[in-house]
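Enquirer: Got a structure for you, questions after.
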Amino acid sequence: MTANLIDGKKIAAETRKNLQIEVNQLVEAGVKPGLAVILVGDNQASRTYVTNKQKSCKAIGIESILIELPDYVTENELLNQIEELNNRDDIHGILVQLPLPKHISETKVIETISSEKDVDGFHPVNIGKMMTGQDTFFPCTPFGILEMLKYEGISISGKHAVIVGRSNIVGKPMGQLLLNENATVTYCHSKTKDLASYTREADILVAAIGKAKMITSEYVKEGATVIDVGMNRDENGKLCGDVDFADVSDQAGFITPVPGGVGPMTITMLLYNTVKSAKNKINHRNLK
Ligand SMILES: Nc1nc2c(c(=O)[nH]1)N[C@@H](CN(C=O)c1ccc(C(=O)N[C@@H](CCC(=O)O)C(=O)O)cc1)CN2
Ligand SMILES: [Mg+2]
């Protein structure tokens, strides 16, 4: 059996087209959605992602500003910068690119971003809303994965979803979003014993481990949906995921590639959240 490919680039392009229509409507109503991106230090990968976010905003008419700070910036200086953006009427979304230098507390930074502008969906208020099934900003990577599953018509309710990885930005919220859709969710991680005994039971397997090509066909049930969140380099320096794509393709029912799977949807959902925030603002204004 050869798995169906879930084409993240294609789904992202379609979603962005629809978002562009919404941006045009917002602009006509007098609100141009605005995103502020803060980049601290000079991590090359982070810079690439941030550049991509800027370009993607521009392509659909979202105003985006980039604030670059040196890696020696103090925590207080960064927090003050965020406060300033919290108070700006033209900025609807704020994100601080992660990871941050060691001397800065990610928790403090995330908690300083106004929960109403937290388009990454990392603020504890938004995490709490997500956990209690309320509408809010959802973290972009798991949100993008959910959208891909829905786009492909893959049913979630009653299915067994196994998440490998428990990071705050991918694994934990992924499980919660799938639980909200009535999946039965199992979390696995680096301390899980006999990992394959869990993953082989998965109808939906999400790999967010950080180890190149670790998930081979022995980890996968025939016909399962396999979502690859990994971004690694293989022995030849080529970008690859956590899933051994060639091997698992023969076993899975659906599979995402790397690159061109989850990544493009991550940035798309950031655009979605920014548009949502601008719409929230109009709704507030109309209620006044
Ligand atoms: N504040 C945040 N920081 C980080 C997040 C985040 O959502 N918010 N996620 C990651 C990085 N990330 C976005 O920021 C991200 C990573 C990768 C991609 C992507 O499109 N990848 C491409 C491949 C790119 C390449 O060729 O190198 C793909 O998978 O096709 C998008 C976003 C950590 N930090
Ligand atoms: Mg882990």
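Quick reminder: no glycine exception, Cβ is built from N, Cα and C everywhere.
According to TrEMBL, the record shows the following:
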{"type": "DOMAIN", "residues": "6-120", "note": "domain 'Tetrahydrofolate dehydrogenase/cyclohydrolase catalytic'"}
{"type": "DOMAIN", "residues": "139-281", "note": "domain 'Tetrahydrofolate dehydrogenase/cyclohydrolase NAD(P)-binding'"}
{"type": "BINDING", "residues": "Gly165, Arg166, Ser167", "note": "NADP(+) binding site"}
Enquirer: Taking only same-chain residues 6+ apart in sequence, whose CB is under 8 Å from that of Gly165 (NADP(+) binding site), what do you get?
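Expert: In sequence order, the residues whose Cβ lies under 8 Å from that of Gly165 (NADP(+) binding site) (at least 6 apart) are Gly171, Cys188, His189, Val206, Ala207, Ala208, Ile209, Gly210, Val229.
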Enquirer: Select, from Gly165, Arg166, Ser167, each of the binding-site residues with a Cβ positioned under 6 A from at least one atom of ligand 1; if none does, say none.
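Expert: Within range of ligand 1: none.
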Enquirer: Count the Cβ atoms, other than its own, that fall within 10 Å of the Cβ of Ser167 (NADP(+) binding site), considering every protein chain shown.
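Expert: Ser167 (NADP(+) binding site) is surrounded by 16 other Cβ atoms within 10 Å.
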Enquirer: Average the pLDDT scores across the domain 'Tetrahydrofolate dehydrogenase/cyclohydrolase catalytic' (6-120) and report the rounded value.
Expert: 98
Enquirer: Using a Cβ-Cβ cut-off under 8 angstroms and a sequence gap of six or more, which residues of the chain neighbour Arg166 (NADP(+) binding site)?
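Expert: For Arg166 (NADP(+) binding site), the qualifying residues are Lys172, Tyr187, His189.
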Enquirer: Taking the centroid of the Cβ atoms of Gly165, Arg166, Ser167 as the NADP(+) site, which other residues of that chain lie with their Cβ within 8 Å of it, listed in sequence order?
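Expert: Output for this site, in sequence order: Ile163, Val164, Asn168, Val170, Gly171, Lys172, Tyr187, His189, Ala208.
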Enquirer: By DSSP, what is the split of the domain 'Tetrahydrofolate dehydrogenase/cyclohydrolase NAD(P)-binding' (139-281) into helix, strand and coil residues?
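Expert: Per-class counts: 55 helix, 26 strand, 62 coil.
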Enquirer: Looking only at the domain 'Tetrahydrofolate dehydrogenase/cyclohydrolase catalytic' (6-120), what are its DSSP counts of helix, strand and coil residues?
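Expert: Split by secondary structure, the domain 'Tetrahydrofolate dehydrogenase/cyclohydrolase catalytic' (6-120) comes out as 57 helix, 18 strand, 40 coil.
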